[in-house]
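*Asks:* If you scroll down you'll find the structure; I have some questions about it.
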Amino acid sequence: MRRGKLSKPTRGGGKKFSRAVRPAEDAPGMWDDGPREKDDDDNDEEDSDDESSEEESGDDGPSASTSTSARSKLPVITADMDRDERKAAQRAIKEAKRAKAVAGGITNLSISDDEEEEDTGKAAAQGFPVGNPNAGNVEPTVSRKEREAAEAAAAKERYRKLHEAGKTEEAKSDLARLAIIKKEREEKALQRKAELEEKARQAQIKAEFSRKKK
C-alpha cells in the first residue's frame, strides 16, 4: 500500500481564527432572544449607574446648601451680651461646626463648652464679634468726626499742661502782668506806710509843742 506524501510545516505561519466564531451557547436560534436580553441587561446596568450618580449628586446638593445656609446664619457674640445669651450663641456655633464636620466625614469632633466659652469670652472682651475667623485681624473703624474730636481733646490737654508750667505765650504774658501788678501794690504799700509814719511824726511834734507852751 502506498502512503501519501506528508507536507512539511512552514515556518512563520500562525493560526488563523474567524472573527465570526462565537460560543455555541450564544448562537441565536429561531425562538431565542438571548443576545437581546444581554443588551437589555447592559442598558439596565447603565441606567442603574446613571441613577446612582444622580443620587450621589442629589445627596451632595442638600448637604452643601445646608452647610452654606448654616454658615450664613451663625450667631455673632458681642461684648454687651450676658452670660446666658453668650452660652446660647456658643452652643449654636458648636452645633453648626459639628454638623459641618459630620457632613465632611469627620465624626470624632468634640468641643467642650468650657474651652468654647473661654475663647469666645476673650474675643468678646477685646471688642471683636465672635463667629468671624478673621475678627482678630480687623481694626475697629472710627469715624472722621470722632477722630477729630479725640485729636482736639488731646491737643487741649497738652496746652493745659504747658500753660500750667508757664511755657505758653499766654502764660508768659499773664505772669508778666501779675509781676507788674505785684510791684505796683508793693510800691503803694510802701508809700502808704511812709505817709502814716509822717502823720505820726507830725502829731508827736504838735504834742510836744503844745506841752512846752504850758
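Backbone N, Cα and C define each Cβ position, glycine as well.
Curation plays no part in TrEMBL annotations; they are all automatic predictions.
Straight out of TrEMBL:
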COMPBIAS  1-19  compositional bias 'Basic residues'
REGION    1-148  region 'Disordered'
COMPBIAS  39-59  compositional bias 'Acidic residues'
COMPBIAS  80-98  compositional bias 'Basic and acidic residues'
DOMAIN    137-197  domain 'Casein kinase substrate phosphoprotein PP28'
*Asks:* When secondary structure is assigned with DSSP, how many helix, strand and coil residues does the compositional bias 'Basic and acidic residues' (80-98) contain?
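*Replies:* The composition, in the requested order, is 16 helix, 0 strand, 3 coil.
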*Asks:* Could you tell me how many residues in the domain 'Casein kinase substrate phosphoprotein PP28' (137-197) are helical, how many are strand and how many are coil under DSSP?
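*Replies:* So the domain 'Casein kinase substrate phosphoprotein PP28' (137-197) is made up of 51 helix, 0 strand, 10 coil.
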